[in-house]
Amino acid sequence: MAERPRKRPCGPGEHGQRVEWRKWKQQKKEEKKKWKDLKIMKKLERQRAQEEEAKRQEEEEEAAAQRSNQGRPYTLSVALPGSILDNAQSPELRTYLAGQIARACTIFCVDEIVVFDEEGQDTKSVEGEFRGVGKKGQACVQLARILQYLECPQYLRKAFFPKHQDLQFAGILNPLDSPHHMRQDEESEFREGVVVDRPTKAGHGSLVNCGMKKEVKIDKKLDPGLRVTVRLNQQQLPECKTYKGTVVSSQDPRTKAGLYWGYTVRLASCLSAVFAEAPFQDGYDLTIGTSERGSDVASAQLPSFRHALVVFGGLQGLEAAVDADPNLEVADPSVLFDFYVNTCLSQGSRTIRTEEAILISLAALQPGLTQVGSRPASPLSGPRM
């Protein structure tokens, strides 16, 4: 019987190679499994991130909708003659009087202040300076400049207001402390800023100084020195050298968030120009004149409106402004207004100064204006006495 050949025993090297091969295959399997698990985890993370982003966008849309409901749809304008500064006895008192008017208008959320010349002097810009009592029109210029200075946030004044004689005593003025006058670390969705003169990369927006520790990079390229309203992004990267934001209309804080965002200042050469040069397409749809000869303000039933105007007279009342206006052929100022009201019946003083009349009248009118201004304006609605 032939002997079977015996298997040659494998050497230690071959056995070692077989063991290493098994280990390598096992290792590859584990690595493949880890890679698959990692891929699944990344996919889950992407899905989670997308869900969080969708949820964040939904929350932002809900917040925006809530803000739009909280917004104030109407505007309030005040017109007064610049000649009231002529009654002040010194430059310091003239400056302080202008500050009182600015404070009164800010307290009652006035959106526009119109300074008109009741003597009919043609003054349409703030160029020039006040040269003393008796100079026609120059009091309007000084009043407008001080009003603009006070409305501007403190961190922007150096950029927009160089040294000027009209602002010589601005240091005695009380600050307005309105919502757009913010501290450096104060958090807010909106901020006022000035475009800085600094080069940026092609396709990138300009840099804006908003009074914060970092400048804000906006979405548009704008000319340096321009004052803008910026809406800051909710998500900011702490390690980034700048904040991110978007340029929006200066009306957005009022219409979308219900914030009072200061006032604009307009000069009018006469009383009729207050109406004729209105910045709104259809003008003012509610006009109110104030006088001691007017009807009781309590009896006035205000209609719904979008743009209201309240007009105050000077030392001689609105009658003097009507007489001096070459464009008006009426003697009774009440025909110019939807309502001609007396806001302080049974007054104890023979005269009420204009700065006092602003506070008294706006306090009397505010409840009615707030109530009817929040309703949508009807094209058929008209004044009701």
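Think of each number as a place in line: the chain as shown, counted from 1.
Each Cβ is built from the backbone N, Cα and C atoms, and glycine gets one as well.
Pulled from Swiss-Prot, these are the features on record:
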type     : residues                       : note
REGION   : 1-35                           : region 'Disordered'
COMPBIAS : 15-35                          : compositional bias 'Basic and acidic residues'
REGION   : 47-72                          : region 'Disordered'
COMPBIAS : 47-58                          : compositional bias 'Basic and acidic residues'
BINDING  : ARG293, GLY313, ASN342, THR343 : S-adenosyl-L-methionine binding site
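Annotated features taken from Swiss-Prot, shown on the structure.
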residue	record	Cβ neighbours (10 Å)
ARG293	S-adenosyl-L-methionine binding site	13
GLY313	S-adenosyl-L-methionine binding site	25
ASN342	S-adenosyl-L-methionine binding site	18
THR343	S-adenosyl-L-methionine binding site	25
Taking residues ARG293, GLY313, ASN342, THR343, which bind S-adenosyl-L-methionine in the record, the widest Cα spacing (Å, whole number): 13
Does DSSP put THR343 (S-adenosyl-L-methionine binding site) in a helix, in a strand, or in coil? coil
What does DSSP assign ARG293 (S-adenosyl-L-methionine binding site), in three states? strand
